[in-house]
Amino acid sequence: MATAPKEAENAIGLEEIHMEREEPPKGQKTFTVEEAVETIGFGRFHIMLFLIMGSTGVAEAMEIMLIAVVSPLIRCEWQLQDWQVALVTTMVFFGYMVFSIVLGLLADRYGRWKILLLSFLWAAYFSLLTSFAPSYIWFVFLRAMVGGGVSGHAQGLIIKTEFLPTKYRGYMLPLSQVFWLAGSLLIIGLASVVNPTIGWRWLIRIASIPGILLILVFKFIPESARYNISTGNVAAATATLQRIAKMNGAVMPEGTLREPTKERRGRFKDLMHPKYLRTTLQIWIIWFGIAFAYYSVILASAELLEKDIVCGSVSPPVQDPGDDSEESRSPCHCHLFGPAAYQTMIISTVGEIALNPLNILGINFLGRRLSLCITMGCTALFFLLLNICTSSTGMIGFLFMLRALVSANFNTIYIYTAEVYPTTMRALGMGTSGSLCRVGAMVAPFISEVLMKASFLGALCVSASVCVVCAISAFTLPIETKGRALQVCT
């Protein structure tokens, strides 16, 4: 009797192999996950999916943007030099870069949902530990661990994408910016209240709450049906699709779930194939430059506000009349943000969605290459405009436009990268591009927080030059993907 289950298991395994290698019997209807997703359509499940998985962007933005609002306080508490403050941000993205590769491999092996849950637990745990950091070294190490955990949040975007019908996917990236914006505004708003009252350690603890709350609602989102079918778990994939159909009030396609024979997965050398070599190298340059520009804007904003740089000069620190704390009296390292600085950060952050409608029009009418070339060129221009002698209102306007432009750059290159590579190497192309993105983010602090102190114009020229190189790379990309069907294989 004990052999019966084993025989049944072997039979199932043989049946799966048979399904992959041979055509189904004549007259037997079958459907793929893609066909099921398209038939079920968009409904209540997808709204819940969008809200829960989209909210991972809120938690990610709060953890990433935290350093910008905490850096003046840790500089004051531990009497840090410029390079030490810059190193904190660099180590966060170093952890992000390393763990994104590891967690990506684990997600392909053990599932998106499990890795997403693990990453949130990891990030929340080390974020809370950071609030108790006894020294600068511990703070840097723990924030690097937080960066590693946050890198797994990308699995939420993958789950969301793999469940969405085709015609809705093109809208997800611009809409997802709303969640990132909400997280950025939330951490700035909290910092303006918490930092001057109970301190940065409590700010970190409060910032961990959204991530912890999201862990509690992950149970309402199933594992990706595409992942389950790729591992041969047809029963789980079918059950998930049936649940979605029930929630949406739709019906499943007739027949049984079956996937065609899988193509050979891409390898790194596929990116270096003569057909894609030039495209790959130029895409890497653009991803590096966009991330560098994005975090240069954020960190440069913090430096401008911290030092009150107007017309290229440094004005003496202005303290609130009622602020008589020990930190505010220290002349060496302490110059904390005031209400006006937080207000400026909020206004400039809102700029991230200001150009979304124009960005979408440009992508669809001008094409990906020309649209990206224009926004990158404008980004370079506005970096240089920061050096113009202007009022505080003028500087806020420049920062607002810079945030809008760098956000538009991210939207465009993400769409282009997903479209230009075939299915067999799309994930690999996105993954390697993401790694170059983190390298750009790691370099940015040393330009915006170190070089800017030595030469304000020099730092702006470096940032503008990188954007010009990216604009040229975008314009000369060998493939335009506007109106082009997604390629299946090389």
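In case you wondered, yes, glycine gets a Cβ from its N, Cα and C as well.
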- Tell me which range among 226-244, 340-358, 359-377 TrEMBL lists as transmembrane segment. 340-358
- Query: Under 8 Å, at least 3 Cβ pairs, sequence separation 6 or more: does that hold for the transmembrane segment (340-358) versus the transmembrane segment (171-194)?
  - Reply: yes
- Summarise the model's confidence over the domain 'Major facilitator superfamily (MFS) profile' (49-482) as a mean pLDDT value. 80
